[in-house]
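Here is the structure we will look at, set down as structure tokens.
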Amino acid sequence: MWGHRIQFIHGSVLDEQTLKRVQARSATAIFTLSDQHAADPHKEDERNTVRLWSLHCYTVSHNVNIYTYNLSPSTAIYQKMAKEIICVREFKQYLLAMNCRCRGASTLLTNLLHQRRPMDQYHESWQAQYDDGSCNEIYMDRPPEALVNLTFKEAAWVVYAECQVILFGVKTLLQNCEHREILLNPENNYIIKPTDLCVYMCESPREVEDVNSLKYDYVRAKVDSMKARRQAEAEIKASKASEPPCPSTSRSSSLRNELLHSLRNSAKLQHRIEQDAMTSAPASPNCPVQNTCANNSNQVAHLELPQPALASSDMMLYPPPSRPQSPPNLHHSTSNESNRSRASSVHQSPRQQAFELSKLPTPRLALLTGSRKLISRLGQLPTISNPEVEMETSPVCYLLTKSATLHELTIDSAENMNGHILVCMHHKVSNIFKFIYNLRSPQLKPNELQDIVFLCTSLPSPKTFDLVSRFPKVYFMIGDCQHPEDLIKAGVKKAKQVVVMSERECLDQYQRSSDSPAIMTSHLLDLLLQDKPHDSSRIVNLVEKSNIRFMHLLQGKDVAEEVDVFYTPAYAAGNVVVDSLLSNVLLSQTYYKPDIVSVIKALCGMPGPLYDKDTAHILKCGTKIRPQLFQNSRHLTLAVMPPCFIDKSFAFLFENLVMDHEVLPLGILRAPDENMGNELSFVYTNPVSSLIMKRSDKIYLLASPGWSYFSQ
């Protein structure tokens, strides 16, 4: 279709004559791409970087934007002159980690990158709801006059009520900041400014035009009417609350029963885990009582008991909360000990780990997080010759106070673990820094950190281990993820999440094209986890999207009819993260929607100086103390459905969460339902306002760290 507008010119960008022939200085944009099928990704990135340097030197005086696509995340440190740097492996690692923190997040975010139209017909009723949500995209525009000077929550409410558009962030210029920053659901009664850029979630530009056509007087009248209605409802509730309550029908008793019922449905093993946690809880006042729900699910972690305040030190000293201490079954492995001696003489759990919120200790680790601001400040970071330079923008996360050794973190068995994350590596351990970093984010509470067990055929190299040696509660176990006995020893039946990784550099050409190692492991997991707890999940990373059909082949599914990958049950549930769904679309969206990558990075939990600094500050100082120069940006989380919203509309839920709690709903995760025909959960982004909420639904929210509906 576009053939008449495409030209192919043979040459080298290292040759100035070739650059003249392609008129590089007159280009609107230039893209440099690494070959994703290259035998050596690092050498290919090196060649791509040289191409970028040559193009930059030739066009620097003509202000031509250059976009680059790399295979390795670490290549970015050599490419600070690029307008935008894209690395699929970087996004993939954050998406895999976000799926562990927030089930289905990868599908929600990947769908926002793609432009699609709704289907004309559906074979099952669940597909209609999923399709309605999957066609949403991200748009950015100046706020119309009708929204200027409204608080963000008022603007978000009126935009959804009138246009079914979710206003979920702004790009604004903050005090003492050189560049505009993306703020997700900004708090402190943030006022919409005329110079802001509003970040919308909707199906098409037509909905954005509907927002821009809102009239000033109409919007003010609608907001005033909503406030008056809510005030009247609050007064009625207050008058009823002043009446003597009937114990048998008290609201608190009813809510408690609803809450307990919801918890039982979402975690079958909760009672047993609570008992284990009570027996293993430290008695020292310096060791806070742990949330017994923390390792059941990220959702249940929001329903927490009050906890004693931390001691004066910010340091946490915890035994791994997801692992009962008695009877211990975790022990270190040594190359020369016999099986008999292991069973008889080694019966000690890994040592207690002291960890705290801290900046990443070296510039190299800080740069590996992918922060563009850090890359742009290369040359100003601390060096050996100039160590006193403060890394103000260095990302914050949970780190051990002292680096662990590989021997200390190598285990023989994890069968006694509960609620951990099991990561299946097909060959060597590689490219795991960003995955672990996201799971040690300051957006999580200390007792929400899950144990992470890497099942791999060989231990990580010293260079790879050095990058992750400061992260708490990370363990390595030698084994083959295609051997059932090794999976069982790794605690697959008690794991909260099982992640099956696929790394291009570790696979041969045939394995890359077929994804055979990951798919065979997935089928093996199907056999082992037939009676798994319904709140556990499995996440499979594939290289090629067409291979999703192989995942259903041995499950009795009909594969004769070709189905769009976006509508396969595994993808709709967030059980699959596919490299090829990210590679091309990231580059095109970066060009046509320049801020799209920044928004997706923020939603993925990728580091930003403001984002991480504020979150760490809140966790250390409490939610009532705010930084003077920064406003906190919320993060994506998944919460169980509060009982008061069951059988109510999504519009009712949206209004109450936004106006009363400053928490912004983005969508829901719907549970398997025989009546709707879905055997797996599915993501429903930006639901229609009239959709009735179910007890089994979970809500995607932009909320502050540690926020819980039941603690308000």
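Backbone N, Cα and C atoms are what each Cβ position is placed from, and that goes for glycine too.
Please treat TrEMBL annotations as automatic predictions, because they have not gone through curation.
Note that the coordinates shown come from a computational prediction; the quantities given were computed from them, not determined experimentally.
Look at TrEMBL and you will find 2-68, 416-528 tagged as domain 'RCK N-terminal'. Annotated domain 'Calcium-activated potassium channel BK alpha subunit' per TrEMBL: 83-170, in sequence order. TrEMBL lists 234-256, 312-358 with the feature region 'Disordered'. According to TrEMBL, the feature compositional bias 'Pro residues' maps to 318-327. Residues or ranges marked as compositional bias 'Polar residues' in TrEMBL: 331-352.
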DSSP on the domain 'Calcium-activated potassium channel BK alpha subunit' (83-170): how many residues come out helix, how many strand, how many coil?
45 helix, 15 strand, 28 coil
DSSP says what for the domain 'RCK N-terminal' (416-528): how many helix, strand, coil residues?
45 helix, 18 strand, 50 coil
Across the domain 'RCK N-terminal' (2-68), what are the DSSP residue counts per state (helix, strand, coil)?
34 helix, 9 strand, 24 coil
